[in-house]
Amino acid sequence: MQFEPPKIIEELKDNWPLSQKVTYFLLVIITTAIVRYFLLPADFPPNCYNVAVLIMLAIGFWLTDVIPPFAVSMFVIGYTVYFLKDSSIRNVTPDWEKYAGTWSSPVIWMMMGGFFISLGIQVTALDKSIANFSLKIFGTRPRILLLGIMLITMLLSMLGVSNTATAAMMIAIFMPLAQKLDEDDPYIKCIILGIAYAASFGGLGTIIASPMNAMAVEAAAKKGVPISFLSWMKMGTPLALLFTFMGWLMLATMYKPKITAVPTLAANEKPFTAAQMRGRWIVGITFMITLILWLTSSITKIPVAAVSFMPMMLLTITGVIQQKHIRMISWDTLLLVAGGLTLGMAAQETGLLDYITNHVRLPQEQFMAILTLSYLTVFISNFMSSTAAASILIPFANTLLPQETLFVSIVVGFSCSIGILLPISTPPNAIALSTGYITAKDFRAGGLLLFLIGPPIICYVLRWWLM
């Protein structure tokens with residue numbers, strides 16, 4: 001017998017005077033107010049009330065999609081400027097510049113570098129050539145091609161190309177394929193979400209794949225437990241492959257393509273001119289130089305973010321990217337990430353994160369305690385910078401369980417890479433959102449699935465490997 005909702009609910013829906021967005025907006029405000037005034041514990045630090053309200057509002061707006069994601073980030077930055085330390089708009093936050101300064105953080109410059117490479121690939125039509133070459137390798141069967149795209153993305157991310165740059169490049173390369181399909185074909189979401197997920201999961205594979213991994217290695221080394229590059233790969237690569245395969249299986253099941261074969265991209269109708277070929281060579285050489293510098297960052301001591309200036313300089317000086325192309329950069333995506341960085345900074349600077357971690361009551365049994373820490377890490381990484389979360393939680397975990405330094409350091413480092421619930425959770429998610437084919441709601445299934453089963457998988461696999 002099919003369930004039918006009570007008539008009163010149907011009548012209420014039909015006669016409800018407000019639109020869905022207005023209703024969700026009011027629900028977020030009311031829920032936040034209830035938590036703020038009635039549900040926070042008695043010992044909650046007074047200086048954390050305002051940032052707690054900000055986090056609840058931001059998460060609510062991002063989850064319900066009632067406000068464009070970049071606008072939520074603008075709200076976050078503005079809120080920290082005016083209301084972080086004092087509820088009166090007349091008393092501006094004394095150190096407001098650092099909260100607004102996330103716009104110039106290294107993460108933003110890394111994204112800019114990735115965007116410039118992506119732009120160079122697009123304006124020289126290299127994206128179509130690379131996509132057609134991939135079709136020759138993986139074939140035109142939608143699901144097999146999706147798996148191939150995700151594996152390539154994961155590998156690039158593992159090799160030290162930032163997940164941000166990897167996602168930006170791969171989406172730029174394969175967007176022409178998506179644009180050849182009907183706008184309502186679910187396979188478009190498959191490609192974009194698959195790239196975003198694989199770029200994040202690749203961060204598990206090697207020490208250089210993400211800042212969180214480096215933090216975990218450093219924390220373990222300080223306790224006298226060194227981790228070699230190869231040892232990390234033995235742990236991280238199988239997990240990266242496992243999560244990538246799980247993501248592929250979920251996407252292939254949820255978004256069934258309408259097509260049976262992926263169309264190839266039409267070759268350029270006219271032969272390339274000498275200037276166009278020159279542009280292709282410049283983009284290719286610039287990409288290789290940037291890739292090598294990214295991979296050898298630990299040897300050359302050139303920060304990854306600083307390397308990102310290489311494509312910005314070379315592609316503009318040589319005229320490959322011109323003034324008209326600059327307008328094509330997803331500035332709203334950069335604003336989105338800047339707001340997320342500000343949110344994480346506010347939670348850390350006001351002591352809210354310290355309060356949360358210090359009030360977590362862990363189980364007595366060590367493995368269950370570590371599993372709880374993994375869940376906490378994934379939860380926090382969903383709404384703030386994973387790097388910021390790792391910087392707080394790795395030392396906290398080592399203080400809490402000093403006898404399990406190696407285990408907890410790696411678990412927390414890995415757990416930071418699987419928080420993918422919100423557009424702000426990872427830069428690849430933000431880049432996927434910027435394509436216009438993805439909404440905030442599309443991240444929920446993967447984010448919730450990874451939150452539920454990711455921590456147990458990480459903990460059990462690592463315990464087996466360490467034993």
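Residue numbering: from 1, along the chain as shown.
Even glycines carry a Cβ here, placed using N, Cα and C.
For reference, TrEMBL has these:
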TRANSMEM  21-39  transmembrane segment
TRANSMEM  51-84  transmembrane segment
TRANSMEM  105-125  transmembrane segment
TRANSMEM  145-175  transmembrane segment
TRANSMEM  187-209  transmembrane segment
TRANSMEM  229-251  transmembrane segment
TRANSMEM  279-296  transmembrane segment
TRANSMEM  302-321  transmembrane segment
TRANSMEM  328-347  transmembrane segment
TRANSMEM  367-394  transmembrane segment
TRANSMEM  406-425  transmembrane segment
TRANSMEM  445-466  transmembrane segment
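Note on the transmembrane segment (302-321): residues 106-107, 109-110, 112-114, 116-117, 119-120, 123-124, 160, 162, 165, 279, 282-283, 286-287, 289-290, 293-294 of its chain, located 6 or more positions outside it, place their CB under 8 angstroms from a CB of the stretch. Within the same chain, residues 193, 197, 234-235, 238-239, 242-243, 246-247, 250-251, 254, 367, 370-371, 374-375, 378-379, 382, 406-407, 410-411, 414-415, 418-422, 425 sit at least 6 positions outside the transmembrane segment (445-466) and bring their C-beta atoms closer than 8 Å to a C-beta of that stretch.
Residues 107, 110-111, 113-115, 117-119, 121-122, 126-127, 130-131, 134-135, 137-139, 187, 190-192, 194-206, 208-210, 236-237, 240-241, 244-245, 247-248, 251-252, 262, 291, 294-295, 297, 304, 308, 426-428, 431-432, 435 of the same chain lie 6 or more positions beyond the ends of the transmembrane segment (145-175) yet place their CB under 8 Å from a CB of it.
Between the transmembrane segment (279-296) and the transmembrane segment (105-125), the number of CB pairs under 8 angstroms, six or more residues apart, is three or more, so the stretches are in contact.
The transmembrane segment (406-425) and the transmembrane segment (21-39) are not in contact, since fewer than 3 Cβ pairs between them lie under 8 Å (pairs 6 or more apart in sequence). Tertiary proximity for the transmembrane segment (328-347) is limited to same-chain residues at least six positions away from its ends with a CB under 8 Å from its CB atoms, namely 51, 54-55, 58, 68-70, 72-77, 80, 84, 98-100, 102-103, 105, 107-108, 111-112, 115-116, 119, 122, 353, 383-385, 388-389, 423-424, 427, 430-431, 433-434.
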